[in-house]
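As given in Swiss-Prot:
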SIGNAL    1-24  signal peptide
TOPO_DOM  25-308  topological domain 'Extracellular'
REGION    25-114  region 'Alpha-1'
CARBOHYD  110  N-linked glycosylation site
REGION    115-206  region 'Alpha-2'
DOMAIN    209-295  domain 'Ig-like C1-type'
REGION    299-308  region 'Connecting peptide'
TOPO_DOM  333-362  topological domain 'Cytoplasmic'
REGION    335-362  region 'Disordered'
């Protein structure tokens with residue numbers, strides 16, 4: 001697998017763009033790579049998508065009529081031809097590497113070539129409000145299961161099974177972690193800063209959630225209170241229910257944050273309560289777009305209608321995202337670790353944001 005120079009882009013930066021401001025919160029850049037074999041139907045398909053925070057900004061699909069890295073956000077379209085040529089070549093090289101990884105994995109697991117198999121990788125970096133590295137990561141999976149991951153120290157690996165231990169020993173002998181760490185601490189951070197600057201109006205905005213509580217009778221004795229948050233960005237949000245001031249986490253049904261289809265997100269949290277005791281329950285909402293946390297109660301006189309159309313649209317978009325980017329099977333645990341971010345006066349136009357100096361095969 002390649003790593004430096006995913007499933008998880010850098011440009012010539014002028015001195016005038018040196019990072020001096022701070023951002024409201026932490027930010028991330030991730031690339032998600034997926035290679036899927038299809039016996040009897042040609043080479044494995046390879047897809048890579050890049051995200052800054054919750055926004056997809058680039059995509060490459062080897063099955064396209066003319067495979068190229070393509071823009072998926074307005075702010076990335078300003079990049080010049082050299083950028084797109086470089087990212088396309090990096091993606092094509094990674095496609096070949098991951099196809100080889102599929103063949104290697106078949107040998108490691110003693111599997112037949114008759115079946116379809118999947119090799120995935122997610123890699124990238126997080127920066128804090130000051131633009132400095134919080135954490136770098138690189139995780140691989142085979143057939144939907146963890147395979148090998150770079151540890152938080154960016155110097156060692158965790159292998160999921162005996163097959164992955166073969167890869168671990170190979171990479172340790174080649175000192176691959178050192179090269180990957182150089183990418184994560186340098187190029188990755190520099191590109192992320194660049195993107196945050198160019199996409200400031202989109203990526204660094206904070207859309208306030210629209211909130212309300214709905215009431216759904218279950219029986220004569222119980223009802224469901226559902227706390228809604230709609231139209232917010234970024235996706236990070238906290239919804240909690242309390243009864244007489246006591247947290248009800250264990251009894252709360254909480255759905256995953258889902259895209260609304262317009263660049264914002266939706267979420268709800270629900271609790272089942274005894275009929276007649278609704279006033280004892282409060283929903284608490286925390287989000288970057290709120291000046292202070294909100295406290296909501298169900299108001300019987302202002303019963304809200306559930307926005308079914310909006311929710312269904314959100315689910316439809318979510319399905320497209322999941323199907324179109326299978327890559328999200330590899331999950332990143334966000335934990336902070338110290339690191340230094342570089343000045344982006346050093347962002348070299350010859351470096352790919354995805355990394356291109358190292359080719360890592362399992």
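Even glycines carry a Cβ here, placed using N, Cα and C.
Look at the region 'Alpha-1' (25-114): DSSP puts its residues at 31 helix, 27 strand, 32 coil. According to DSSP, the secondary structure content of the domain 'Ig-like C1-type' (209-295) in residues is 6 helix, 52 strand, 29 coil.
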